[in-house]
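A quick write-up on the structure given underneath.
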Amino acid sequence: MDSVHAVNGSAPACPDFISYTVKNAAGKVISIVLAFVFSNLSHQLLKPLSQPRIASDIAVGLVLGNIGLIRHAFDEQFIDILNSIAEFGMICYMFVLGMEMDPYVIFKAPSRSAMVAYAGMVPTIILACSMTLLLHYYQHPTIGFTFSLSTTLSGSSSHILTRLITSLKIGKSDIGKLVIAAGMHSDMISVLLVSVGYLGFPTAVTVNDFAANIRMTLTMAAALLLQVIFTATVSPIFMNWVNNENPEGKPMKGSHLVLSVAYMAFVCSGAPIYGYSPILSAFVAGVFLPSEGRVSKWAVGKINYLLPTIFYPVFFFWMGFHADFSKFEASHWETWGRFLVLVFITIFGKVIGTVICGVMLGFHQRESAELGLLLAAKGHFHVFLAVIGILLNITSTTTSISIIIVIFLSVLPTPLVVSQIIKRARKRAPTQRVALEWLDPSNELRILLCIQGVHNVLSTINLMEISQGASDPGILVYLTDMVELTDQIASTLVQEGMDTVTVMDKDVTEMRDQISTAVQAYVEENGNGITLRRMLALSTFNGMAKDICNLAEDLMISLVILPFHKNRHANGTLDGGNPGFRYVNRKVLRNAPCSVGILVDRGYGLVEKISKSVSSFQVAVIFFGGKDDREALAYAGRVARHPGVKLTVIRFLLDSDSVTASRRAGNCRINAAEQEEEMKLDDESFAQFYERHIAGGHVSYSEKHVANSAETYTTLRSLEGQYGLIIVGRGGRVDSILTIGMNDWQQCPELGPIGDVLSGSDSSHTTSVLIIQQHSLKGELDGVDDEFSIM
């Protein structure tokens, strides 16, 4: 405003005017740059405290927006530009928020999460409606504004909660899933109520003509209804057409991208033409657009990438500018009274509702209260509404600042609440083991089957064939290409979202197409009970293991199977191998969140089609004892169900009559208690396997009595050529006399002593080996499984 007065009043000399204008422009640029710098810097500083980004953004925005030098650098024109940026960014935000929600859950029987959401909302709305009218939060109190504030206070920020719960690693726990689902439901219902309420109390109507208000309401309602019907009916057809024209793995056509963006803009703009809020219109359109499909994921990914990168720093700077502390009436006790009442409504309403609901659903009271504290968290849309109250002269600056601070305080304690949940989970939550040995046979087996190239296809198909077990429940196979990210491939990548890229490299796309064609043809013809999904681990060798482990965790995999780093020559021998893939295999074995297998292919891929009627394919499982051997036995139990597999179980036992054995036993340092516990588990596991498979006669059984590791080695070598595939455990045994000393001459320690012997360079050229390592509980939450149950 000062600059406007200077130009219109006594005009300064031309050089002074130019200097003033340049300084003014520089002040604006510096202000925006500072917003970006301090927003990202404060977020990084608060990361160790696990604070959501919105907490640091609000603090930075309030501080920068109230610096005098910055405020004086802005004129009305620039303020209008900031207002437009904030509104456009909020349109994008609400559009994505709507796309991540399912409106049809409203019409289903209420789930536990829906009941928790409603229980938290209803007391908050009742408290807000009964108290805000009495305390004069508005310049001109009306029913519409009271309803709007009450509904806003009753909602939750699903974006904030989802990111918080996921980043703190409790998204798979019962309380984590409940918070995310209830937050999503609460957010959707509250915004839908505001969207419907806007029809009856539009902010654009400034006249007191009742008939004009009715006409405006009916016009907007009709326009919004038509927009909803059009979006819900036409969008699936249009989106499916674009998705079918642009299959996964190939770059999207530019014309289709332009057409998709134009369509999304069109379905968002119908109701605003007739006076409806463009922000709420974008939310409603997003709700009824299909959330699945490549186009939808592309739009959500792009917008979610741009929001924190570009929009949020400007948005919170805009918030801080309008939240003028010089107008905050801190000296009046009424100000603090209203502020404390807002805190009481926001927190107490949610907590009392979730506690009452928790009693009905049988939750622990403490967890129910923590659920309410988490659901009280507010987000960006609530901040926007607080500032809009100032711009439309609905609320005073003091009231809006109070609401913004309440939003800040609602987010601040959430990491502490989650840390307390994790702390108690360590003490009382049961530990769940992610291993085949403990997998319920009635549950679907999830396998992440990794593949280095086309040469692994046949062995991959045969492995899928013998692993499928019964068609119900069957197996879910995530076939994952392991592709090293080279400079050449990196130059062909096309970014399609925050976490999505498309590989344009010709060699990679051709390889993936060949693999997909061959495996998909097998699944369609013979894969009864096999569900196939395609994945890609595209990374440098240093990062590939982490990508595979993250995939296994996100997809809730039970078994990862990796190809051996050495490949088979035509004469059956193995080449020198790829040290990069060997490094990946070793890191996966150390860090995988589930069991891991390594397949050494020495002719397994050359096996003809395995019959489903005649037992023609010879498979053996070797059992010494220990957790890895028990895991191998559990996997063999699935293989035994295949009618074309003739399975033999070979159990190695200590020859107790041998004098040498007894003398070696006396020299070995073996923890007697640990050995006794392991032997007990071995016997129990083997007894169950015997009863299920061997007693019926379908599986053969033999015992090998040996006295020491030398005899073990000789016996293992005698098995060469008898079987097409041998399944063994990697290790995990209490120091055994039968294998002691075998580690000393291992060529590949990642295979374990038995696997190394069977796959060595001087071993059979026709017997393939599958080495399995059982998952050891080592969660990211230090001592508690990610899927803990505490409610």
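Yeah, the Cβs are placed from backbone N, Cα and C, and that goes for glycine too.
Model, not experiment: these values are computed from the prediction.
Among the features that TrEMBL reports, domain 'Cation/H+ exchanger transmembrane' is placed at 35-421. Among the features that TrEMBL reports, domain 'Cation/H(+) antiporter central' is placed at 476-611. Under the heading domain 'Cation/H(+) antiporter C-terminal', TrEMBL lists 616-776. Annotated transmembrane segment per TrEMBL: 78-96, 116-137, 178-201, 221-242, 254-273, 303-321, 341-363, 375-394, 400-418, in sequence order.
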Among 78-96, 221-242, 254-273, 341-363, 375-394, stretch most in contact with the transmembrane segment (303-321) (C-beta, under 8 angstroms) = 78-96
Structural state census, the domain 'Cation/H(+) antiporter central' (476-611) (DSSP three-state) | 55 helix, 38 strand, 43 coil
Across the domain 'Cation/H(+) antiporter C-terminal' (616-776) the predicted model averages a pLDDT of 80
Here the stretch out of 78-96, 178-201, 221-242 with the most C-beta pairs under 8 Å to the transmembrane segment (375-394) is 78-96
